[in-house]
Each structure stands twice: as structure tokens, then as C-alpha cells.
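Q: Quick one: structure below, then a few questions.
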Amino acid sequence: MIQVLLVTICLAAFPYQGSSIILESGDVNDYEVVYPRKVTALPKGAVQQKYEDAMQYEFKVNGEPVVLHLEKNKHLFSKDYSETHYSPDGREITINPPVEDHCYYHGRIENDGDSTASISACNGLKGNFKLQGETYLIEPMKLSDSEAHAVFKYENVEKEDEAPKMCGVTQKWKSYEPIKKISQLNLIPEQQIYDPFKYVETVVVVDKAMVTKYNGDLDKIKTKMYEAANNMNEMYRYMFFRVVMVGLIIWTEEDKITVKPDVDYTLNAFAEWRKTYLLAEKKHDNAQLITGIDFRGSIIGYAYIGSMCHPKRSVGIIQDYSPINLVLAVIMAHEMGHNLGIHHDDGYCYCGGYPCIMGPSISPEPSKFFSNCSYIQCWDFIMNHNPECIDNEPLGTDIISPPLCGNELLEVGEECDCGTPENCQNECCDAATCKLKSGSQCGHGDCCEQCKFRTSGTECRASMSECDPAEHCTGQSSECPADVFHKNGEPCLDNYGYCYNGNCPIMYHQCYALFGADIYEAEDSCFESNKKGNYYGYCRKENGKKIPCASEDVKCGRLYCKDDSPGQNNPCKMFYSNDDEHKGMVLPGTKCADGKVCSNGHCVDVTTAY
């Protein structure tokens with residue numbers, strides 16, 4: 001039996017109420033002082049990392065005990081992550097900082113199923129968490145010889161400017177030209193198996209105005225970007241995306257473009273710079289410019305719609321207008337959402353009763369959730385435009401430079417690379433040779449634990465749906481096996497549907513996503529409207545013309561739902577928008593009859609559909 005050593009730090013956990021204080025997040029007029037207690041279970045004899053993969057903290061909020069569970073965000077940085085700034089004489093300085101043992105976490109509150117957390121544990125706890133439906137911020141109070149932290153609500157941070165802040169996107173621009181993969185990287189065979197997650201390899205660019213705003217403190221700027229990216233990563237996790245930082249560029253001496261308050265000018269200039277310079281220097285899928293200037297009017301962000309993977313337009317520009325990093329993350333997530341084909345939410349969209357990320361303006365309490373509309377629009381864009389650059393998970397093999405032992409990048413010929421002998425914190429790896437130490441089977445990976453392969457059968461990737469079984473360690477490798485799905489067309493949900501790319505699409509779920517609770521699939525007679533071939537009732541478009549459904553295909557056109565919600569009696573409810581004609585259509589792979597599924601507007605035999 002494995003003995004467990006319980007490590008307890010700072011036993012004090014009593015709260016204290018304060019009326020006003022100045023913190024990094026701004027002037028806070030109501031806060032609570034807490035003393036988080038860290039409790040971590042370590043196997044006896046285990047070597048503790050500087051920042052553990054999993055941690056647990058206990059403290060009190062409003063007098064009630066809270067247990068915060070944290071897990072390191074292992075998808076925050078790519079293995080070839082780089083940072084670039086410039087010397088006073090204009091020389092470019094690029095480094096590959098150690099990122100494996102970073103201090104950024106996602107988490108949850110014990111016994112609160114709707115809770116979330118995005119926390120930096122670099123110097124105390126700093127970040128945000130959702131508890132009982134409310135968003136709280138936490139950060140150290142920077143008192144000498146004290147573990148005191150302040151916990152407060154976003155609404156209690158004084159705002160310098162109460163005017164509503166808006167996204168500048170008003171036009172429904174879409175790129176209908178074929179979007180080709182920018183990178184020449186070929187997927188390894190294991191990656192050709194369908195992966196439920198998409199990976200957006202992102203470069204963040206910080207302009208000279210930001211450097212001036214933060215008095216040239218590059219560490220403060222970097223920390224702000226890390227925390228914002230960690231928040232953003234959590235937001236996209238529920239969309240089945242991983243937003244991975246592959247690079248941070250800080251224009252320390254001068255801007256590489258002219259950054260103006262005119263968002264149209266600045267967005268186009270940044271897009272041109274990205275296309276002509278950045279793509280040649282750094283493999284990536286998307287770039288975001290963070291600026292310290294004030295955009296014209298109330299605009300704080302701007303981006304192209306439906307442009308992910310486009311060599312020029314896969315960009316967004318964001319104004320850093322709030323000291324709260326969660327706010328910056330929301331704007332970054334919002335603008336990237338436009339790149340992924342997502343429009344602004346309207347009155348029909350919802351996200352569990354909370355404000356939604358894709359609202360046209362920043363809500364009084366920044367949201368961490370995408371709406372049902374956003375989910376449908378995003379995946380509709382992916383299915384219809386196939387932006388291939390987001391299909392590959394960032395790997396060490398993406399690196400083009402010659403292998404170099406000690407750079408913390410796992411390259412050809414190396415079994416491990418933990419940095420220089422002075423900085424190496426991996427007990428499994430010989431830093432001088434980049435080979436595993438004697439007796440070690442592995443040095444990293446989801447199936448590696450204390451330098452040994454994890455036991456065969458240990459779960460390493462959870463099931464995401466009935467059509468997506470969990471993966472388990474083999475006992476022979478440090479890596480989790482490739483993610484595999486049940487075969488397309490296999491029955492699921494008690495034969496109500498058929499598996500399709502790891503999901504089980506059925507009309508009831510699609511109705512719920514569009515309209516909310518008390519919504520069901522409509523009677524068959526409602527779908528007869530799809531025979532009309534008019535502006536809303538059709539099966540598919542060919543050369544811009546809407547093709548009416550044949551009798552056997554009517555359940556593969558517009559989706560019809562029965563609304564039994566209070567005060568409603570609509571047996572044939574449907575959704576149509578001129579701005580997004582695809583929204584409200586039955587999704588591919590949906591069951592349309594016994595033994596049949598929708599494919600390109602036809603109801604076809606499931607045995608031949610795939």
C-alpha cells in the first residue's frame with residue numbers, strides 16, 4: 001500500500017472583512033481577507049515539483065468553507081514556445097523559456113458542480129473562481145510575512161470608465177475562398193485519427209504603448225498575458241478547443257506597424273504584418289495584437305469573421321482597458337470567436353443564465369461561457385470551411401531548428417530534455433546527456449508517473465460522450481493512446497441516434513441548444529415546409545440556389561421544434577437568420593429515419609453514409 005504524506009501549509013484560515021483596498025486588480029471597495037491552506041497528497045518518497053500537477057487549497061468565503069481543487073493547465077504553452085523582444089539598438093532577442101513546470105491552473109470548487117476556476121499559483125493565488133453562480137477574484141495582499149489574500153466580487157472593483165465597452169464588429173464578413181493550411185507540417189499517423197479537440201496555436205503581440213503603460217516592466221506584461229491566456233484556454237475548453245500559446249512578441253522599442261485608434265486601419269495593418277513577416281518567422285494559426293492605446297469611441301476589440309487559418313485575416317486586435325486579467329481574456333476569447341465564424345449573440349442565445357462571451361458589449365460581470373448559438377456557429381464554420389490548421393496538436397516535432405540538449409525541447413535523438421543541469425527539475429532525466437537515468441522508463445507524458453509507466457488500464461483521457469470511449473494507459477508507453485471514437489454510424493442513446501465524429505447528434509439536443517428547456521423535436525408534418533425551397537425551407541444550397549427537400553429528405557433541412565415552455569404553444573418552431581442561414585439546419589450525422597442519417601441535405605442509409 002502506498003503511504004501518503006499530508007503536507008499542510010499555513011493552518012490559519014479565518015476571514016476578515018475590509019471596506020476598501022488598492023490591489024493589482026484596481027480599487028476594491030468590499031473584500032474579504034482569507035488565508036488559504038494548501039493540502040496536497042504526495043506518495044511517500046516522491047520528489048515534489050516546484051509546481052505540482054494537482055493541488056488543493058482550503059479557505060473561507062462569506063464564512064463558509066471552500067475547497068479549491070486545481071490541476072495544471074498542460075495545454076497553455078507549446079513545447080517550442082518562444083518569447084521575443086528588442087534591444088535598444090533594435091536587435092531581435094528571442095528565447096525559449098522553460099514552460100513545462102509553470103504555475104497556471106484550472107480547477108473547481110468541491111461540491112459545486114457548476115464551479116470553475118482559473119488560477120495563477122506563481123506567488124500566492126491570483127485569478128478567479130465561480131462559486132454558487134457568482135464570480136469571485138482572489139489575489140495576494142502583498143503584506144510582509146503574511147499569507148493574506150483578498151477575495152472579492154468583480155462588481156466591487158471601482159471602474160474608471162463606466163461607459164459600455166463594445167466590439168467593433170458590425171459587418172458579417174466571411175471568407176468564402178478556400179482556406180488552406182498555412183503550415184507544411186504533416187500529421188503523424190496517430191493524429192490522423194479523429195481528435196475531438198481543435199488546437200489554435202496562438203501568437204500574442206504586445207505593442208509599444210503597452211510597454212509604456214507598464215513602465216517597461218516586461219515581467220509584469222508577460223504575467224498578464226499568461227494569466228489572460230490561461231483564462232481564455234479554460235473558456236474554450238467547453239467548446240472542445242485548446243488555445244495554445246506558441247509565442248509572445250513584445251515591441252519594446254518601436255511598433256512594427258502604425259497602431260491607430262482607427263480599428264479598421266489597425267486591424268488591416270496588423271493582418272498585413274502577420275502575413276508578410278510573422279508567418280515566415282513562427283508557425284502559428286492565429287495572432288492577436290494587445291495594445292495600450294484607446295480605440296476610437298467605445299470599441300475595445302475588433303476581428304475578421306470566419307477567417308481562422310487564413311494567411312492574412314486570422315487575427316484580432318484588443319485594447320487592454322482593464323487591470324483585471326479576466327476582462328482581457330474575455331475580449332481575446334470574443335475576438336478569436338469571430339475568427340472561428342461566431343457572430344454576436346442575439347436574444348435567442350443563452351449560456352445557463354449567465355452573460356455570454358459573444359455579447360456585442362462587455363457585460364457588467366465578464367462571462368466565461370459561450371452560448372448555444374456560439375457553439376453551433378463555430379462548429380458549422382468548421383464543418384463547412386474546414387480550417388485545417390487547427391487539426392494538429394502542437395508537438396515537439398513541429399520544431400525546425402537542429403536538436404540542442406538543454407533547451408527543454410524534446411527533439412530527435414533525445415529521450416528527455418529538462419534544461420541545463422543547473423535548472424533541471426526532472427528526476428528521471430540526465431540533463432547532461434538528455435537521456436533517461438538508469439532505471440527510468442520515462443520522463444514525461446500522461447502515462448508516466450515517478451519515472452515509470454503507469455499501470456495498464458489507468459485512465460488517461462476521459463470519455464466525452466457515449467461515442468467517445470475513455471483511453472487507458474497500455475503499461476508500455478508514457479503517452480496516452482491516440483483518441484479514438486466509436487465508428488460513425490453505430491447506434492447510440494438507445495437507438496435514438498447514430499455516432500458521428502465522437503458525438504451522438506439527435507434533434508432533441510439541437511432543439512434544446514437553439515431554444516432552451518421545454519423544447520422537443522416537432523411532429524413530422526412540420527418538416528414538410530422544407531419542400532418549399534423558399535428562404536428558410538430547403539435542404540441544401542447549390543451554386544447559391546436553395547434546393548427544396550425531396551419527400552424522403554425533409555428531416556435533413558430546417559430543424560423544427562415543439563415549444564412547450566410556459567406561455568408558449570408553438571408546435572413548429574424554427575430558427576432562421578439572414579446573417580447566418582446555416583444556423584437552425586439539422587446537423588450532419590443526425591438520425592432522419594430508422595437506419596438513416598443526414599448527409600449533405602439527403603437522408604441516406606447509415607451503412608453507406610460513411
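Cβ atoms are placed via backbone N, Cα and C, with glycine included.
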Q: With Cys442 as one half of a disulfide in Swiss-Prot, pick the other half from Cys447, Cys448.
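A: In Swiss-Prot, Cys442 forms its disulfide bond with Cys448.
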Q: Need a hand: Swiss-Prot gives His334, His338 for Zn(2+), which of His310, His344 is also on that list?
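A: Within the candidate list, Swiss-Prot flags His344.
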Q: Going by Swiss-Prot, which one of Cys389, Cys405, Cys416 is joined to Cys309 by a disulfide bond?
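A: Checking Swiss-Prot, the candidate bonded to Cys309 through a disulfide is Cys389.
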Q: Which single residue out of Glu201, Glu466, Glu471, Glu479 does Swiss-Prot record at the Ca(2+) 1 site shared with Asp285, Cys389, Asn392?
A: Glu201
Q: What binding-site residues among His344, Asn392, Val484 are found with a C-alpha within 10 angstroms of that of Cys373 (disulfide bond)?
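A: Correct set: His344.
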Q: Within a 10 Å radius of its Cβ, which of these binding-site residues (Cys389, Val484) has the fewest neighbouring Cβ atoms?
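A: The binding-site residues Cys389, Val484 were compared, and Val484 has the fewest Cβ atoms within 10 Å.
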Q: Between Asp417, Asp468, which of the binding-site residues has its C-beta surrounded by the fewest other C-beta atoms within 10 Å?
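A: Taking Asp417, Asp468 as the binding-site residues, the minimal 10 Å Cβ count falls on Asp468.
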Q: Of the binding-site residues Asn392, Glu414, Asp468, Pro469, Glu471, which one has its Cα closest to the Cα of Cys526 (disulfide bond)?
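A: Smallest Cα separation from Cys526 (disulfide bond) among Asn392, Glu414, Asp468, Pro469, Glu471: Asp468.
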Q: Rounded to an integer, what is the Cα-Cα distance in Å between Glu201 (Ca(2+) 1 binding site) and Glu335 (active site)?
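A: A Cα-Cα distance of 15 Å.
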Q: Nearest to Cys572 (disulfide bond) in three-dimensional space, by Cα, is which of the recorded positions His334, Cys349, Asp417, Cys499, Cys504?
A: Cys349
Q: Based on Cα coordinates, which of the following recorded positions are within 10 Å of Cys434 (disulfide bond): Glu414, Asp417, Cys451, Cys460, Cys467?
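A: Hits: Glu414, Asp417.
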